[in-house]
Amino acid sequence: MKPYLLSIDQGTTSSRAIIFDQQGNLIHSASQEFTQHYPQNGWVEHDPDDILQSVLNTIKQTLNESGITVAQISAIGICNQRETTLIWNKKTGKTIYNAIVWQDRRTAQYCHELSEQGHGELINAKTGLLIDAYFSATKIRWILDNVEGARHAAEQGELAFGTVDTFLLWHLTEGQSHFTDATNASRTLLYNIHTHSWDAELLALFDIPRSMLPEVKNSADDFGTCHLFGAPLCIGGIASDQQAALIGQGCFTEGMAKSTYGTGCFLMVNTGKLALTSHNKLLTTIAYQIDGEASYAIEGSIFIAGAAVQWMRDNLHLFRCATDTEDLLAKTNLNHGVYFVPALTGLGAPYWDPDARGAISGLTRASGINEIVSAGIQSVGYQTKDLLAAIEQDGISIHTMRIDGGMAANNWFMQFLADILAINIERPVTVETSALGAAYLAGLHKGLFDSTAHIQQLWQAEQQRQPQLDREVVSALYQGWQDAVRKVLVCQ
Ligand SMILES: Nc1ncnc2c1ncn2[C@@H]1O[C@H](COP(=O)(O)OP(=O)(O)O)[C@@H](O)[C@H]1O
Ligand SMILES: O=P(O)(O)OC[C@H](O)CO
């Protein structure tokens, strides 16, 4: 009997290994943070060894602590921070450069040139994405152009590229599997989301050899076998973390929405079989691919959400622990007039301004720590409202949104979201939704779940919040936010 699923959630700031049962209950988890490297202004890197070791450590820890044996695990699911780019030697498995993280802005100038040259429309039509340093392609190109000998080695077919899923898979299968899934492929700027293939024209544009790229599979598929933990373990599911959260939140029906509040915030709406094109700078992306059939989502991506809380904690030392913010917020009126625009790594959707930088405005002699912290947390709600407005302008209306991620644990924030967005907000019992989504995919592959409808029924609300704040108050607060954002924008 193999009643459990093991999920790996390799995120931006930490790695987690979580064991779930077949009802989607979290049985045991282990997590490990790792170091962020900021070698230059706007650059963000991870040591590939930290990524790998933290994953292996947490798997061992969760197995040891839970007492669950490998023989009781049906399959592994992997979900991962998206877009982050790694390149390694196919023979040795050794990476040739650090992982360039999704937040890294080093290729912003090159992206600007591509836009100036008029490539935006073609790229958007094929990939559903916009030209931005966020995605993998320009990071791959940067490594090939800046690491000595890399381009030559790539042209000789000696190098492999992967997003974090592919990198982990390579090591978990000891070099046997060079695969990714359609959701991860859809974040590279190289994958045609309509023809479901790596796009020759885009590979030529970015000057990236085809031989580096992994084979693209379904999100629930046979990704290989891991022999590292004493007995063979099938790897049966892979999805990028935000798409995995959509799955873990049971958002399989067209129009269902989730928003994940981790380092950044990623709001996704399932658009079913329709790859809807946004006219408001949202992304079109593959939500999941099962049995050869892709479902799509429209997405708004905010680069700094929980990271603003982290920054206020670590750089300004305004509180000791993220959970302390709730007490502080409970004591603070909403109408303090302070706005914090957390453009610490530029602004994502719907502004896409890599050169915008953060600002705190509206300070008076009455302002203090409480007001600044409140402004920081409110900024995540306002940014979500910016996304919701763009989604509505694209013709989609949302009445309920399911939330998850570290910051979703904050009850004050949850109520503020309901108020400022004027929609219902729901939080599930299992907030580790990305890991859960990856586990579900692995379970689907193994036949533990017979359909996505089966998975959808497992979702349970832990808390629901309705809007309470007066509309005029909401409108005045949001107006103040829009004024504050205008002041930091560089690309108008
Ligand atoms: N109670 C809280 N209130 C506000 N923010 C929080 C709270 N708990 C955690 N966070 C924020 O959530 C983030 C961690 O969420 P997580 O989902 O683990 O992120 P990631 O997967 O990006 O590493 C941190 O940036 C942290 O500041
Ligand atoms: O690791 P997270 O949870 O911050 O998610 C990061 C996103 O996948 C970036 O696109």
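Backbone N, Cα and C define each Cβ position, glycine as well.
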| said: Looking at ADP binding as recorded in TrEMBL, which candidate out of Thr62, Thr69, Thr260, Thr263 goes with Thr12, Arg16, Gly306, Gly406, Asn410? | reply: Thr263
| query | Arg82, Glu83, Asp241, Gln242 bind glycerol in TrEMBL, but which of Tyr4, Tyr134, Tyr191, Tyr296 does that record place at the same site? | reply | Tyr134
| message | So, three-state DSSP: helix, strand or coil for Gly406 (ADP binding site)? | response | helix
| remark: Three-class DSSP assignment, Gln242 (glycerol binding site), comes back as helix
| Which of Thr263, Gln310, Asn410, all binding-site residues, has a Cβ with the fewest other Cβ atoms inside 10 Å | Gln310
| task | Please go through the binding-site residues Thr13, Arg82, Thr263, Gly306 one by one and keep those whose C-beta falls under 6 A from any atom of ligand 1; give the result in sequence order. | result | Thr13, Thr263, Gly306
| message | Comparing the binding-site residues Gly306, Gly406, which residue's C-beta has the most other C-beta atoms within 10 angstroms in this structure? | response | Gly306
